[in-house]
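Written below as structure tokens is the structure these notes are about.
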């Protein structure tokens, strides 16, 4: 495609110079640029394609950064980045080394007001900005998807909007989707809030008629979209009851109408709910047909046929930890006919779709409501029913009090399947799963473990149902290096606090958590080149530790290395040092993990080099810390 307009847009001021008639052409160029770039890098595709016209219209009518846009989640901000001076090589490398973040990032641009990555906070942040702002001429525009209204935080903020708040426009991008289809009464109810029961029944009849049209009529989705807009325009929305002046619904893919509507409401003296209807994936036929698969794509998605996926993970070897976890839960579902699985909007990412299809009555997606997911799971456990709450590490932060008050304090046997435990690499600072141990370890009654491979993962899941205590099974989103057994229960259960010695040596004790055992075994080989032999231990459990085994090993090991892909504060290293202190054991301990900093996005090798967790870095840090006298590897010495 030839780009005639986009290369000349270096700021919103350049956009303002265009005539209204040129905006549809610019939108086409932006949409093509996103598809072109993400075909090389991967990233969040469907949500950005659906928001092109809306974002262009917002920047055309308002003047960022004086007028402030706050994107909820922020993964749909690619168009915003292109319009605010970031249509550079960095955009072409988005989410990779030397590329832009996939979320709004103030370090990139003063047009990004907040770091983003988690859902539901935009309205609260925007209200705070409005409260503290000394610039009475500035507009504040939180931009939310309809799924954000399943977040309690959004509803709390909605309950606190002053009726006399001016130049405050809530932009509701209603595409009836989250990552997957919306769940729960509120997002689905947005449409029902908009119009009364008679219109709702009419809508259902019309949509049913549209779906029964011949399959060769490819415009069915477009027709449904227009019907929604027409019917919603007949209604009186519930948002008026919150003191908001409702405007909409507006066709989110008609940039001229969007501009005209925004210009009309720009200086209204009360807070406004601006309701826009969009189609997720708009402009790319396959993304429109399947917005769930195209929510997030891998690089070269246009050049290879997309295989059947669970989330963004292609079902091909080697199988990842989340895929193994999903398969294991299906087998557990067959073995334990009461087992319930709960997730907060992560059914696809955490590979739970097979469980949902096999056991629909025993699967609950609560939407973007992590606190409810945890407390709901506690209620299930209290009834005597086994339950697994599957949740990303980074999103578990949002439910810390629920874990404390509703699970651990009640001593309820909820199994937490903590996905994405470790570095998130391309998704960056908001998504790294490297902080959860800091609060989980402080929770009484909590058992915490992490497998090094699929076989241990399998044993932990099967064993956890026998522990009868709250437990957390952590695992990263990386390939697991061994296949699970695929049988029901071929092993004796693991008891909490059972560690495993992987190899024995005389000079060092290296304790490595989870998948870092692979790195530890490589480091062990490197150290052999220096004549240093190492005992490598997989603790399996962070809490409780295998005290008996550790006390035995520490009788003849005084030099200890702790290796984990977690913050050095509050993780395995902290638990081990506490263990030494409690037992009055003296040892020289080198604790290696993620340093006390926010880790940026980037390729795995780059990030691991940055934080010193490659096998070469670790080897050199061990040699330096313990001041081993051999200056060069023995192997190289004899070769010389």
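Just so you know, glycine gets a Cβ as well, placed from its N, Cα and C.
According to Swiss-Prot, the feature thiamine diphosphate binding site maps to 75, 117, 118, 119, 147, 148, 175, 370. In sequence order, 47, 50, 145, 146, 252, 277, 278, 279, 280, 291 are the residues near residue 175 (thiamine diphosphate binding site), counting only same-chain partners six or more apart with C-beta under 8 A.
The feature Mg(2+) binding site is assigned by Swiss-Prot to 146, 175, with sequence analysis given as support. Under the three-state DSSP scheme, residue 146 (Mg(2+) binding site) falls in the helix class.
Taking the Cβ of residue 370 (thiamine diphosphate binding site) as reference, residues of its chain lying under 8 Å away and at least six apart in sequence are, in sequence order, 344, 391, 395, 396, 398, 399, 402.
Secondary structure from DSSP puts residue 370 (thiamine diphosphate binding site) in a helix. The binding residues for thiamine diphosphate are recorded as 75, 117, 118, 119, 147, 148, 175, 370; their greatest pairwise CA distance is 22 Å.
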